[in-house]
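> What follows is a structure written as structure tokens; I'll ask about it next.
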Amino acid sequence: MGSLLNVFKWLWYHINYIIIFVTPLVLLPLPLVIPTPEARCGYVIILMALYWCTECMPLAVTALLPVVLFPMMGIMKAGDVSIEYLKDSNMLFMGGLLVAIAVEHWNLHKRIALRVLLLVGVRPSLLMIGFMIVSAFLSMWISNTATTAMMLPIAHAVLQQLQVTEARAEEQDLQTAAEDNLGFELESKEEITDEKKPDTKLQLENGVVQPQVTQEPMQEFGRKAMEAKYDLLTKGMSLSVCYSASIGGTATLTGTTPNLILKGQMDKLFPGNGDVINFASWFGFAFPNMVLMLAISWLWLQFMFLGFNLKKSFGCGVKSDRDKEAYAVMRGEYKKLGGMKFAEGAVLTIFILLVLLWFTREPGFIPGWATVLFNKDDAFVSDGTVAVFMSMLFFIIPSRLPTFGSYGFTEAGKRIKAPPALLNWQVVHERMPWNIILLLGGGFALAAGSEISGLSKWLGESLAPLQKIPPFAISILLSLLVATFTECSSNTATTTLFLPILASMATAIQLHPLYVMLPCTIAASLAFMLPVATPPNAIAFSFGNLKVVDMVRAGFMLNIIGILCINLGINTWGYAMFNMGTFPQWANNTQSQP
């Protein structure tokens, strides 16, 4: 029995190697028995899906498999596959990330967060709203993981201070109560007898009996009740930060990777789509959806962790001492940042200019600046062009105003002859997630292989019977499927696998491709139930004394809320924005771009 157990342990320890070597052999009959391009491409996709789901190899390494397998199986030439790995969407991703790196490097995100929290206040419900709004806003522009990692320590510092001050106030209340209940005057020492309650000791001082605070049972009960209250509050605050970071990432095209994958897949599969997905159009649909999801999520978390005693949660009137002390903690953190430096102002200016240029490039209702200046004959300038141009300024603009005086000295004591630029390549190299660029490229390569091999067409024909199901039901069911799948798989891998299939299905049943692709893309970011589902969940799990059951209970309802909100959006303002009632002409032409 012991030897059998050891064998199982050995197999479990080496499970990744077993999956890597056994899976291709198990799937090999597919291309051998059905020697068609569709079957060969299907073999590659199934193999990559299993590798991505099990993470037996790094996700980015799995994304490189088409470079090897497509040429060897006669699906695509090596040069054609390789060119898929650096598209316009990758440039947009890189430009957006360079902005995020600059914001983080100069601590601008922390200044924004603390400023907003100081405005909101420290009452529990207001604090939760404040943290959720700030986390959602920051994750629209910087990574969800960085947002969560920055916000959680601030939240915990404030909660700890609230707990300490409340404990002190409770102790003082008990002391006062004991004096009021037990303090009475005695005429002489002799009148004091030893017939007292065992948990109350009295001491005579100036003819008055003073209680010595030894009401241990009452104090112990109060302490435990307060610890339970703050344990629940800490859980709620931790979950509110990580969930709102994931929700906020859905609001902008560069907020999270699945959004960019949709943009890339649309341009790849439907090249004549007229730039239907750009920064402005995505924001127009996704931002109201994000606000709706955030508001309902706050109500659910409020109900779960704070209850609905609104007077107590929101508070009114003058701040108590405990509120003032917790507020002082945040103010102290803000003061540590000092005055706003030139570098922070420069980064903020570039960031605001970038967002304005994105919104006005092609707003939709009027010709944008790109159309007037550059895109009269063809779409030369894209959101990626703007992102890269603006992010290049970080390497040109100095971090301090030029002066004829001294710039100070380095830590090694050397004189600084000229101020460094806002960013240097070493910082970018350390913080840029290069693996995501390969993941994006792997998705585009898969889409190209599916198109060229005929697998997309075959899938579309196979899914044609779905035409009998109402479109709204298809959208909800597919969103549920993707949201479930993304709990145990990377949201990037999930979107990469599902979107080409959904595009084929929509074309086959004459349904607007965005009607299913858009909800499923956002649903891929609704990974709320498990600590391993996303890095923000894992960070919150390690910070907030959470159990898996806490995350499952809160996250399950948030998944349902998210899916309902997305499908509400796609059937109301999204329906009008993208003209979902008609099957677009550009969707008939499924010949992808070279």
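From the backbone N, Cα and C atoms, a Cβ is placed for every residue, glycine too.
Since the structure is predicted, the reported quantities are computational estimates derived from the model, not experimental observations.
Sharing the record's features from TrEMBL:
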type	residues	note
TRANSMEM	12-34	transmembrane segment
TRANSMEM	41-70	transmembrane segment
TRANSMEM	90-108	transmembrane segment
TRANSMEM	120-142	transmembrane segment
TRANSMEM	279-301	transmembrane segment
TRANSMEM	340-359	transmembrane segment
TRANSMEM	379-397	transmembrane segment
TRANSMEM	432-449	transmembrane segment
TRANSMEM	469-485	transmembrane segment
TRANSMEM	497-516	transmembrane segment
TRANSMEM	522-544	transmembrane segment
TRANSMEM	556-576	transmembrane segment
> Determine whether the transmembrane segment (556-576) and the transmembrane segment (41-70) share at least three Cβ pairs under 8 Å, counting only pairs 6 or more apart in sequence.
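As far as Cβ distances go (cut-off 8 Å, pairs 6 or more apart), the transmembrane segment (556-576) and the transmembrane segment (41-70) do not touch.
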> State, in range form, which of 279-301, 340-359, 379-397, 497-516, 522-544 has the highest count of Cβ pairs under 8 Å to the transmembrane segment (432-449).
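Looking at each of 279-301, 340-359, 379-397, 497-516, 522-544 in turn, the most contacts to the transmembrane segment (432-449) are made by 497-516.
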> What residues elsewhere in the chain lie close to the transmembrane segment (41-70), defined as a C-beta under 8 angstroms and at least 6 residues from its ends?
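Long-range Cβ neighbours of the transmembrane segment (41-70): 15-17, 19-20, 23-24, 27-28, 30-31, 76, 78, 81-82, 84-85, 434-436, 438-439, 441-443, 445-446, 449-450, 453, 455, 488-490, 492-493, 496-497.
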> Going along the chain, which residues at least six beyond the ends of the transmembrane segment (279-301) come within the CB cut-off of under 8 Å?
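Sequence-remote neighbours of the transmembrane segment (279-301) are 128-129, 132-133, 136, 236, 239-240, 243-244, 247-248, 250-254, 259, 263, 358-364, 383, 518, 522, 554, 557-558, 561-562, 565-566, 568-569, 573-574, 577-578.
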> Of the listed stretches 340-359, 379-397, 497-516, which one has the most C-beta pairs under 8 A with the transmembrane segment (90-108)?
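Ranking 340-359, 379-397, 497-516 by Cβ pairs under 8 Å to the transmembrane segment (90-108) puts 379-397 first.
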> Would you say the transmembrane segment (497-516) and the transmembrane segment (469-485) are touching, if the rule is that at least three C-beta pairs must lie under 8 angstroms and be 6 or more residues apart?
yes
> Please give the sequence-distant neighbours of the transmembrane segment (379-397): residues at least 6 beyond its ends with Cβ less than 8 Å from one of its Cβ atoms.
88-92, 94-96, 98-99, 102, 253-254, 275, 278-279, 346-347, 350, 353-354, 357-358, 361, 370, 373, 421-425
> So what's near the transmembrane segment (340-359) in sequence-distant terms, Cβ-Cβ under 8 Å and 6+ beyond its ends?
99, 102-103, 106-108, 111, 141, 279-280, 283, 369, 383, 386-387, 390-391, 393-394, 397, 399-401, 422
> Which residues, given as numbers and ranges, are at least 6 beyond the ends of the transmembrane segment (120-142) yet have a Cβ under 8 Å from it?
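Distant Cβ neighbours of the transmembrane segment (120-142) are 96, 99-100, 103-104, 109, 112-113, 148, 150-151, 155, 158, 162, 233, 236-237, 240-249, 251-252, 254-256, 290, 294, 297-298, 301-302, 306, 310, 313-315, 319, 323, 326-327, 330, 351.
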